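Q: Grabbed the feature section from TrEMBL, which reads as follows:
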type	residues	note
BINDING	Q9, P10, T11, G17, N18, G145, E146, D147, V185, K194, M195, S196, K197, S198	ATP binding site
MOTIF	10-18	motif ''HIGH' region'
BINDING	D133	L-tryptophan binding site
MOTIF	194-198	motif ''KMSKS' region'
Amino acid sequence: MSRIFSGVQPTGNLHLGNYLGAIRNFVGLQENYECIYCAVDMHAITVWQDPAALRSNTREVAAAYLAAGVDPKTSIIFAQSNVPAHAELAWIFNCIARLGWLNRMTQFKEKAGKNRENASLGLYAYPSLMAADILAYKATHVPVGEDQKQHLELTRDIAQKFNNDYGVDLFPIVEPLIFGEATRVMSLRDGSKKMSKSDPSDYSRITFTDDRDTIAKKLRKARTDADPLPGSEEGLENRPEAANLVGIYAALAESSKQDVLTEFGGSQFSTFKPILTELAVEKFGPVGEEMKRLMADPGHVDAILKEGAARAHKLTEPVMREVKEVVGFIAP
Ligand code: AQP
């Protein structure tokens, strides 16, 4: 059976982009794949995290997986730092990945900003840890939003170089799984930026914890142009904010952008936004409510994370034995 690995950073403000681009897709994959879903807390600390908030946010990611419909009996849900293979394999991959490859990573450039000298070494090496996350399980497929495509390319390069350097066929060449009409949900304040947890404006995103009134207010204030919705997709060109809201509607309704435009072409945003709000409240609201309910019992979430970590650790053991043997480390 093919194996899925994916993760979300517990950095707070989990949002609709994380849901539509990643977490919602985790659920359907359980039918045909062995699935491993992680709260990647070691990735989170590549930028400063308050320790108490990190613990709570890690539980929140697990609760979001459960609320969306991930079944902890079949799939594995765990926290990255609880399985040592991630850090161990990341070090080996740091010695495989080339500086030139990492220098090309756009996420590092965006997150480090102008003050690159002051960014952590961990932020720079982030894609190498991500490759380790996936390959410690020899996962074959990775469901992600479009923003992670470049990092997955690097995972493929690392796997290939490791296999070539050591003359083995140890790591699979992973495939990204990018689904639906909302592979890149954009900020509600600026259609050229992706919706993100770290955007300083809370009005840029709809979060799992937003109630009906907050969702309504954020969508009402969402930036748009003055024209009505077009009747076909070509009409969305150079209208990023309009394209974003139509994409969100299509993803929530599990239809296509064209179907949405066939229904709402010619409508003003003052008509479309309240209808989009109702759909968001109907489809996304209950997931957030369930996440909050689960968060009220952290002991239950911790028990699921503990059991998941034990199962995940077991899966990594034979892989790490094989890797260490190939690299030339003496068995303990
Ligand atoms: N805007 C988005 N649209 C679609 N998918 C998205 N993802 C993130 N933002 C969008 C997908 O969510 C998964 C988890 O992301 P992450 O937490 O590991 O890191 P990220 O991509 O850096 O997410 P954020 O929310 O934008 O965080 P910050 O602000 O910290 O950078 C991934 O599969 C991602 O593709």
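Positions of Cβ are set from backbone N, Cα and C atoms, glycine also.
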Q: Can you work out which residues elsewhere in the same chain, 6+ from the ends of the motif ''KMSKS' region' (194-198), have a Cβ less than 8 Å from its Cβ atoms?
A: 9, 11-18, 147, 184-188, 204-206
Q: Whole-number Å distance between the CA of D133 (L-tryptophan binding site) and the CA of Q9 (ATP binding site)?
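A: Rounded to the nearest whole number, the Cα-Cα distance is 12 Å.
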Q: Suppose we draw a 10 Å sphere around the Cβ of Q9 (ATP binding site). How many other Cβ atoms does it contain, all chains included?
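A: Neighbour count, Cβ to Cβ under the 10 Å cut-off: 25.
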Q: Mind checking how the motif ''KMSKS' region' (194-198) divides into helix, strand and coil residues in DSSP?
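A: Grouping H, G, I as helix and E, B as strand yields 0 helix, 1 strand, 4 coil.
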Q: If you check the binding-site residues Q9, T11, N18, D133, M195, K197 one by one, which have a CB less than 6 Å away from any atom of ligand 1?
A: Q9, T11, N18, M195, K197
Q: Under DSSP, the motif ''HIGH' region' (10-18) has how many residues in helix, strand and coil?
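A: Breakdown, helix to coil: 3 helix, 1 strand, 5 coil.
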Q: Could you check what DSSP calls Q9 (ATP binding site) once collapsed to helix, strand or coil?
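A: Coil, per DSSP.
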Q: Taking all residues of the motif ''HIGH' region' (10-18) together, what is their mean pLDDT?
A: 96
Q: How big is the ATP site in terms of the longest C-alpha to C-alpha distance among Q9, P10, T11, G17, N18, G145, E146, D147, V185, K194, M195, S196, K197, S198, in angstrom?
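A: For the residues that bind ATP, the greatest Cα distance is 19 Å.
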Q: Could you tally the C-beta atoms, other than its own, that fall within 10 angstroms of the C-beta of T11 (ATP binding site)?
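A: T11 (ATP binding site) is surrounded by 22 other Cβ atoms within 10 Å.
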